[in-house]
Amino acid sequence: MSLLVVGLSHRSAPVSVLERASLNADAQLKLLQDTVAAEPAAEAAVLATCNRIELYADVDKFHAGVAELSTLLAQHSGVGLEELTPYLYVHYEDRAVHHLFSVACGLDSMVVGEGQILGQIKDSLARAQDLHTAGRLLNDLFQQALRVGKRAHSETGIDRAGQSLVTFGLEQLSAGADVEQWARGKKALVIGAGSMSSLAAATLARAGVAEIVVANRTFERAERLALLLEEQYGQRLSEGDDTDVLARAVPMDAVPGELTRADVAVSCTGATGLVLTADSVAATVEGRTGAPAVEDTAVQETAVREAGETPLPGAGSAADENCPLDLSSVSSVPSGFSVMGEAAVAGMDAATLEQHGAWAAGGTAVDRTREAGRSGPEADAELIGALAATATRVGRIPERRRPEPVAEAPRPQPVLFLLDLAMPRDVDAAVHRLAGVRLVDIESLADASADAPMAADVDMVRRIVADEVAAFGAAQRAAHITPTVVALRSMAADVVAGEIARLEGRLPGLDDKHRAEITQTVKRVVDKLLHAPTVRVKQLAAEPGGAGYADALRTLFDLDQETVASVSRAENSTEKNRGPA
């Protein structure tokens, strides 16, 4: 077995690189064709999702295979090899098997335990089978990966450790609130009609949204999805809603208008450019207001007093009414900081800050100095003395300290919630900075998932993966010696046929009954002699390090290498010509 995988994923590369390296359907087909046309690779399959691009191949040379597969990935992704290489990972033989089985179980997903990857692996295998780039090794590998993934989900609680990317994204949008409560009654827009968009629409329907609008470049696909939603969730969607059309389809050019009505939008189109720019989103939320995010000032001051703290005077407040310092130049700054516990606004220089602090603590001498309008060395000396007296009275000496941050003015509550599940992104990242909009995209999901708790069932799945990798390796090593065993039995059959022919020459009067009996007896003797050695050699070959037994068998019986190779090629050709399961 010479299985090699070269790839990159959300674990090895930043989203900015994954976006640029994404492969559309045509690029995947061309990549497969070019891979099997390359010298080191005999089979190939590509697994491309939102969060990973992996090229699997059966190669005869490791280093040449790594170089060729890396070059092909760079060539077809459009990202230069020099830039792409630091983010690539390589797995070989049993490690490659372990990697794919872990991926199939959801252990390597952004949301641990999500089951959508199984469908993507199945599609990957079907694509390779359609192009006849998957032979015996990759057929066995991917089909076993699907079985391992299903076993993990059925025998453990891995589903409780994770969820679909859609559900996780909605949880991030709801900011920790119950998703069903948060979604109930909202109007939803789903952009795209592929598998991820369909899953998003179904998840929103189950969560209890009031209306779902589906937009897609191919209007017929949008209509089909809307019809399915009506059939499956129409009754639930109609609860508490008096509209006649609860799930409907619109063309892509209707998206800007629909976005002005939507409360939540999910986009996953696979487009190469942006579907929603920051300007277009800003235009849709202009004039829409949500619940205020800032509590009333009186409520805040009450909370401060209840906490046992002294409210800090700020620029423009009533507390500044008699302050001798001119704070008008800095009163418009929305954020501030405090020094020595005294309030100040951003924009004060150090001297002004200390004078304001002294006045706030009752520095009447400062007031008198300012009111007198005096200046010069004597006035400065008097001012310094007043500040020193104030410091003595309040029990501390003024000191320079690093400003302590004060929270900026809170953003208004969102009126539009956007979930971008596309790679490359559908929604401009600049939307994160728009007031009134909450955007969750692949990058923010990656950050959030890094802190997600892991379920105990994950350990059980890891044990399943380890056991399945060992079993698969044993089966492959045993299968590797099969062509040699077949060639040995073929040689034995030729020997039997030759000896029977020679016997007929010596005994021309032998009747058919006796000839058949003699032939059968000789065959039984040969089969019995070969049975124990061939069974045992398969067992030995299945063990780690058993690859050498095939060579030993060929040497012992002087088997023709080309005969063995022809048997192997015939088996592989049969697998490649086998259509999707």
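Glycine is no exception: its Cβ is also placed from the backbone N, Cα and C atoms.
Record features (Swiss-Prot):
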type	residues	note
ACT_SITE	Cys50	active site, nucleophile
BINDING	Thr49, Cys50, Asn51, Arg52, Ser109, Glu114, Gly115, Gln116, Gln120	substrate binding site
BINDING	Gly192, Ala193, Gly194, Ser195, Met196, Ser197	NADP(+) binding site
REGION	292-416	region 'Insert'
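Summarised as a single figure, the pLDDT of the region 'Insert' (292-416) averages 51. Its Cβ placed at the centre, Met196 (NADP(+) binding site) has 24 other Cβ atoms within 10 Å. Excluding Thr49, Cys50, Asn51, Arg52, Ser109, Glu114, Gly115, Gln116, Gln120 themselves, the residues of that chain whose CB lies within 8 A of the CB mean position for the substrate site are, in sequence, Gly106, Met110, Ile117, Leu165. Each residue contributes its Cα atom, and for Ala193 (NADP(+) binding site) and Asn51 (substrate binding site) these two points are 19 Å apart. Cα of Thr49 (substrate binding site) to Cα of Met196 (NADP(+) binding site): a span of 11 Å. Ser197 (NADP(+) binding site) falls within a helix when secondary structure is assigned with DSSP.
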